[in-house]
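According to TrEMBL, the protein carries these features:
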{"type": "DOMAIN", "residues": "100-516", "note": "domain 'Major facilitator superfamily (MFS) profile'"}
{"type": "TRANSMEM", "residues": "21-44", "note": "transmembrane segment"}
{"type": "TRANSMEM", "residues": "150-170", "note": "transmembrane segment"}
{"type": "TRANSMEM", "residues": "177-197", "note": "transmembrane segment"}
{"type": "TRANSMEM", "residues": "203-224", "note": "transmembrane segment"}
{"type": "TRANSMEM", "residues": "236-257", "note": "transmembrane segment"}
{"type": "TRANSMEM", "residues": "263-282", "note": "transmembrane segment"}
{"type": "TRANSMEM", "residues": "348-367", "note": "transmembrane segment"}
{"type": "TRANSMEM", "residues": "379-397", "note": "transmembrane segment"}
{"type": "TRANSMEM", "residues": "404-424", "note": "transmembrane segment"}
{"type": "TRANSMEM", "residues": "430-450", "note": "transmembrane segment"}
{"type": "TRANSMEM", "residues": "462-486", "note": "transmembrane segment"}
{"type": "TRANSMEM", "residues": "492-511", "note": "transmembrane segment"}
Amino acid sequence: MLTVDDVLEQVGEFGWFQKQAFLILCLLSAAFAPIYVGTVFLAFTPDHRCRSPGVAELSRRCGWSLAEELSYTVPGPGPEGQAFPRRCRRYEVDWNQSALGCVDPLAGLAANSSLLPLGPCRHGWVYDTPGSSIVTEFNLVCDDSWKVDLFQSCVNVGFFLGSLGIGYIADRFGRKVCLLATTLISAILGVLTAVAPDYTSLLLFRLGQGLVSKGSWTAGYTLITEFVGLGYRRTVAILYQVAFTVGLVLLSGLAYAVPHWRWLQLAVSLPTFLLLLCYWFVPESPRWLLSQKRNTQAVKIMDHIARKNGKLPPPDLKMLSLEEDVTEKLSPSFAGLFRTPHLRKHTFILMYLWFTSSVLYQGLIMHMGVTGGNLYLDFFYSALVEFPAAFIILVTIERFGRLYPLAGSNLVVGAACFFMIFISLHWLNIVVACVGRMGITLAFQMVCLVNAELYPTFLRNLGVMVCSSLCDLGGVITPFLVFRLMEDWQGLPLILFAALGLVAGGMTLLLPETKGVALPETIKDAENLRRKAKPKENKIYVQIQTSELAGTR
């Protein structure tokens, strides 16, 4: 019986139609980067100190430099492990009194300035930054610093909740409908975030954007990998994720050029409306249409692909069907992910792999951020590290299969985190951390690939969304987890990361190898994945159809 892959062999596996759709959907992938990690720039916390009435006037009268003003009027660091008075406390001193001199003005009030009483910042803060962020605008510092973590976790909460519904919508009503609806809503909410009048509305808009933006990225991932032929599906699946990395690199440059958070948010949100052009250039997935018994529409789309590629459709195109025909329309359900023994085992293992990938990816970024440095350059360099990961996958995935690279990358990041505990040299610690970052990037891209290869067509989008929801749950708890553990010991999070990575490497080997195995169309296909694929016309067919990064990463 004629299948989609059979037709693509004749009309072009990666012709003009596929290239056009691929470039458009890659823009969608790049646009997801600011939503996933834009918090780094939108909510950065600059150095700050209490605003004290009278200090500015005294500094002007005495002709102090900024360094002298800070030395004379701002408390020094507190004891190790405690909050820094420099940022959250001020001297309880009337700086307008005439008795204060210009040279060590506090000397006449106390023999040691540490004996002077300290009070909270009643008049706000002074921020040492030429730009702005939600931290500087809404004063999310000191006792309110936890609100920054909440802002960062809010998007991941949206990803998590959206995973439960958007995946079902894509499998029930189609990839294209899901893509267009979620892209439009995400763009609108992005603009609303830029004009949010207060912190509460900011959280609500950010939560809403998280609810839909992941579904948009996933639907694009699913579409492009279902449009291309077997020989290109692996490559476009990986390059779609590379487009996300390109978005990270561009974000660092854009944030440097636009240092004010509201304008930056607008700059990354307004271009998203252009992605609605997908309506005219990207049709519905013929594989999904076949799974819904809408064969006539699937035939029309395959005929359109043939004409766009300058090829003649096969004469028996009307006989197009799934690899194995079904007697009724297949409808996705959450229960279907746990219906059979192998699907149940695969689902639980994939959930853990997604959770681990998120915690390690975001956790390593946060841990490296403690070392300080230039925010824009640090972000830029860490993004560049992700590019070699794609090359490594392209080189190794067909030679060694899926499981060994996935298991190996988890073991690498686990080992890197373990060694970082004992490394005292800063430069060596950064090098090892970058190796770990590359390893977890490999794992993230590979788990996307493997996840979709283990589910049948009518459950594929739902399966990836549900499993990757654990990635979002990891993203929610990681900010709180990392910083709470670091209060006790800076190496404590690394111990947790090492354990998670090493266990993930071992659990990966419990999954079936999907190299050379056709993409499952039915539950029976998914249950039989451990069997060797039968060659078709002396060729081995590899099908890869995946969904989700997340990056949420």
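Note: Cβ is positioned from N, Cα and C throughout, glycine not excepted.
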Taking the transmembrane segment (263-282) as the first stretch and the transmembrane segment (236-257) as the second, find out whether 3 or more Cβ pairs fall under 8 Å, excluding pairs closer than 6 in sequence. yes
Average the pLDDT scores across the domain 'Major facilitator superfamily (MFS) profile' (100-516) and report the rounded value. 83
Result, the transmembrane segment (379-397) in contact with the transmembrane segment (203-224) (3+ CB pairs under 8 Å): no
If we skip the immediate neighbours and take only residues 6+ beyond the ends of the transmembrane segment (236-257), which ones have a Cβ under 8 Å from one of its Cβ atoms? 14, 18, 22, 25-27, 29-34, 36-38, 41, 217, 220-221, 224-225, 228, 264, 267-268, 376, 379-380, 383-384, 386-387, 390, 393-394, 444-445, 448-449, 544-546, 549, 551
Determine which residues of the chain contact the transmembrane segment (150-170) at the Cβ level, with the cut-off under 8 Å and only residues 6 or more beyond its ends counted. 35-36, 39, 43, 134, 140, 177-178, 181-182, 202-203, 206-215, 218-219, 222, 332, 334, 461-466, 468-469, 471-477, 479-480, 550, 552
